[in-house]
Amino acid sequence: MEGAGSRGAGPARRQGARGLGLLLLLWLLPGLAAPQDLNPRGRNVCRTPGSQVLTCCAGWRQLGDECGIAVCEGNSTCSENEVCVRPGECRCRHGYFGANCDTKCPRQFWGPDCKERCSCHPHGQCEDVTGQCTCHARRWGARCEHACQCQHGTCHPRSGACRCEPGWWGAQCASACYCSATSRCDPQTGACLCHVGWWGRSCNNQCACNSSPCEQQSGRCQCRERMFGARCDRYCQCSHGRCHPVDGTCACDPGYRGKYCREPCPAGFYGPGCRRRCGQCKGQQPCTVVEGRCLTCEPGWNGTKCDQPCATGFYGEGCGHRCPPCRDGHACNHVTGKCTHCNAGWIGDRCETKCSNGTYGEDCAFVCSDCGSGHCDFQSGRCLCSPGVHGPHCNVTCPAGLHGVDCAQACSCHEESCDPVTGACHLETNQRKGVMGAGALLTLLLGLLLSLLGCCCACRGKDSARRELTLGRKKAPQRFCGSFSRISMKLPRIPLRRQKLPKVVVAHHDLDNTLNCSFLDPPSGLEQPSPSWSSRASFSSFDTTDEGPVYCVPHEEATADSRDLEATAALTEVAAVSLEPTGTSTPGEEAAVLPASSDSERSASSVEGPSGALYARVARREARPARTRNEAGGLSLSPSPERRKPPPPDPATKPKVSWIHGKHSAAAAAPSPPPAGRKAAPSPSGRKRTPSNSSVQPPGLTEEAPGPASPTPPRARARGRGLGLSEPTDAGGPPRSAPEAASMLAAELRDKTRSLGRAEKPPPPQKAKRSVLPAATVRTASASEASGSEKAAASAPAPETPRKKTPIQKPPRKKSREAAGEPSRAGTAPGAS
């Protein structure tokens, strides 16, 4: 135990002596090492009073940037086995204890003052500072707890593996080796390993390789460096390479080439045999011949060898620039930043420019073909035709009936002939003239209508005293309306074919005027497809189309307001009224004067004639009550309410077009000479006038025109009775007042007008021919007190030849029979009563 302690004390003393020598060197030679600045926050660092100089505090010495070495000086100097831990304080080293620190720790203890117990005792010894175990012979393990099993060797202190002594092999070194002196035994396998220069199984053959080793099994020479040949007797001449061991060819090192590897790689190449190319080194600088490294790279490249392009979206020096966006999402060039690829039809740094100058495709590398009246598509090169043409080269005009882009739209013209570009309809010469004439006509008509409105508005502002004037002075507005209607009939006819004209509607109402005048233009060409229309059809007051009749009737309010005034005026004239003399005009005369207005009136359609006669009579009866009473003085109408407003006709027998055709029209159109065998005057168009074509003349103009006295045609008187009008007779009876007669006729007119829109089939024409006989009989009975000449005229039937020319006259004959029946019954009623 003591021997062991003395052996352990020697190394400790030597370690302490080395520590003291180090401290002495640091003390004596402080200037050998450059002093390091102290850290103001380091351990034991103080400032000199009165200055900012940093220094170690008292009792401490600098170590690095702080003061970590304690100084024990003077009487406090530490002994050999002591360590200064604080200024003037010493402690025993690890492994020693005692008052003077001169006693070594026992084997089972270690550490400061020998306070730590050793865990590897008693098969080992702990190190004084760390406590690590050092096992005794034949022991191994972390705490020396395992016994060594090697028979002819030692155990590894950590793993326990056997280390066999020479001549022994195996896991526990229990097998002996049988090798010659020129070999050694393998401790794992027991095989003999020949020494250098010997070969064979027993290593008893010497190598003949010129001092070079040979293979142990075959004896083949393994030449040393820079030697080659079968016996390694030839010298290698490769400067920067290795020789082949058999033929001596050189295998050059990286960066050299040539037969003897004496030529360095040219610029831009590196590697074995200079077969690899350098990357994009900046300025054509050579790369390292061995590894191919570049100092700096060209713009757009990076990597140690400058062989990698910039990442997507970056370009330029060091790949530090971000690419601007390219059209259609393409990436830019990693060197220049420009777009690398553009879609077909686009070029430019950002693919923002279309192909021009007749080019198309990728990079605008293709030339467009001739596209005629079109242009080339900058992407595909296909011809895009302008409106009106088509075809692969845009040189074919659109066929008839088509227009627009690629001739894909159909023309809307009736003749299917339109402009191939715009689709506008072509107008022929006569059509253009028709449109121009229609425009001029509309302008003229608008001017006339405005004049009429101004006149009517001026008449409305008259004071109440003007209303009390005689009925003769009130005829001016009525005459003006009739004149305007006749002027419109005289306007020329303009063929418009299928062209449409705007519709003009002007309505006028004048409280002073007892007529309510309305003017409507005819339906459009599509609604009424007639080749032409006249002003008569346009502004006739007796239109009976599907859009409704256009007429002039006494206004109800105006009639009611003026009824008292007219009744008073009528009473003053009744006393002087008697049978009309030969020289005065009669209702038959009025009917004869009406058709003689103009040729243009006779050329109007046969639909408006009969109805126009009735409307004209209604207007005259309202405007001239005194004269009407004078003419109707011979009749005595029943004062019963049902006679004032007769019931409407039976819808089953009502004609489709008008309820006042036939004999009334014939009588209105008949001139003053005897009607037998007489024909109507021809119209300007060359057509013969029929009773249905008779026109109506405004009452104002008819009254002003004087004419010779003529007997009233009996058919006209019969028709007047059929319509509810009073006619002069020889028998004097109480005359009906003009307002009452006008009200009755207006009510009957409204009832008849409402039934015009109903589309019933008219009765057969054969039944209408027999309607004359009852009317003639009733007319003879009711006119028994008339003069002899008037009775003869009433009993004589009117000629039927003109009425047979137009089929439209036949339905009204039945209506005339029904209308004539009611007045006849009304005429007999007073006699019966």
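Just so you know, glycine gets a Cβ as well, placed from its N, Cα and C.
If you look up Swiss-Prot, you'll see 63-102 marked as domain 'EGF-like 1', on the strength of sequence analysis.
Taken from Swiss-Prot, the feature disulfide bond covers CYS67-CYS78 (among others). Non-local neighbourhood of CYS67 (disulfide bond): LEU38, GLY42, ARG43, ASN44, VAL45, CYS56, CYS57, TRP60, ARG61, each in the same chain, at least six residues away, with C-beta under 8 Å from its C-beta.
Note on ASN75 (N-linked glycosylation site): other Cβ atoms within 10 Å of its Cβ, all shown chains, come to 6. Residues annotated as N-linked glycosylation site in Swiss-Prot: ASN75 (among others).
If you look up Swiss-Prot, you'll see CYS118-CYS126 (among others) marked as disulfide bond. Secondary structure at CYS118 (disulfide bond), taken from DSSP and collapsed to helix, strand or coil, is coil.
Sequence-distant neighbours of CYS133 (disulfide bond): residues of the same chain at least 6 apart with a C-beta under 8 Å from its C-beta are CYS118, SER119, CYS120, GLY124, GLN125, CYS126, GLU127, ALA142, ARG143, CYS144. Swiss-Prot lists CYS120-CYS133 (among others) with the feature disulfide bond.
The disulfide bond annotation in Swiss-Prot covers CYS135-CYS144 (among others). Cβ neighbour count for CYS135 (disulfide bond): 21 (other Cβ atoms within 10 Å of its Cβ, all protein chains included).
Residues annotated as disulfide bond in Swiss-Prot, with sequence analysis given as evidence: CYS164-CYS173 (among others). A simple way to gauge crowding: the CB of CYS173 (disulfide bond) has 20 other CB atoms within 10 angstroms, across all the protein chains here.
Reduced to three states, the DSSP call for CYS185 (disulfide bond) is strand. Of all Cβ atoms in the protein chains displayed, 20 besides its own lie within 10 Å of the Cβ of CYS185 (disulfide bond). Per Swiss-Prot, the feature disulfide bond maps to CYS177-CYS185 (among others).
Residues or ranges marked as disulfide bond by Swiss-Prot on the basis of sequence analysis: CYS179-CYS192 (among others). When secondary structure is read from DSSP and collapsed to three states, CYS179 (disulfide bond) falls in the coil class.
Marked as disulfide bond by Swiss-Prot on the basis of sequence analysis: CYS207-CYS214 (among others). Listed in sequence order, GLY197, TRP199, CYS207, ALA208, ARG220, CYS221, GLN222 are the same-chain residues six or more apart from CYS214 (disulfide bond) with CB atoms under 8 A from its CB.
According to Swiss-Prot, the disulfide bond annotation covers CYS209-CYS221 (among others), on the basis of sequence analysis. A strand conformation is recorded for CYS221 (disulfide bond) in the three-state DSSP classification.
Annotation source Swiss-Prot lists disulfide bond at CYS223-CYS232 (among others), citing sequence analysis. Cβ neighbour count for CYS223 (disulfide bond) (all protein chains, 10 Å cutoff from its Cβ): 25.
DSSP assigns CYS238 (disulfide bond) to coil in the three-state reduction, outside any helix or strand. Within 10 Å of the C-beta atom of CYS238 (disulfide bond) sit 22 other C-beta atoms, taking all shown protein chains into account. The feature disulfide bond is assigned by Swiss-Prot to CYS238-CYS250 (among others).
Over all protein chains present, the Cβ of ASN302 (N-linked glycosylation site) has 20 other Cβ atoms lying within 10 Å. What Swiss-Prot lists as N-linked glycosylation site is ASN302 (among others).
According to Swiss-Prot, the N-linked glycosylation site annotation covers ASN357 (among others), on the basis of sequence analysis. Under DSSP, ASN357 (N-linked glycosylation site) is assigned to coil, being neither helix nor strand in the three-state scheme.
Residue counts of the domain 'EGF-like 7' (364-395) by helix, strand and coil are 1 helix, 10 strand, 21 coil (DSSP-based). The domain 'EGF-like 7' annotation in Swiss-Prot covers 364-395 and rests on sequence analysis.
ASN395 (N-linked glycosylation site) and CYS250 (disulfide bond) have their C-alpha atoms 78 Å apart, to the nearest angstrom. Each of the glycosylation sites ASN357, ASN395 was scored by how many other Cβ atoms lie within 10 Å of its Cβ, and the smallest score goes to ASN357. The average pLDDT the prediction assigns to the domain 'EGF-like 7' (364-395) is 87. On its own chain, CYS179 (disulfide bond) has CYS185, CYS192, LEU193, SER202, CYS203 as residues at least 6 apart in sequence with a Cβ closer than 8 Å to its own Cβ. A straight line from the CA of CYS385 (disulfide bond) to the CA of CYS238 (disulfide bond) spans 79 Å. In sequence order, CYS236, GLN237, CYS238, GLY241, ARG242, CYS243, HIS244, GLY258, LYS259, TYR260, CYS261 make up the list of same-chain residues 6 or more apart from CYS250 (disulfide bond) whose Cβ falls under 8 Å from its Cβ. For the domain 'EGF-like 1' (63-102), the DSSP counts in helix, strand and coil order read 3 helix, 18 strand, 19 coil.
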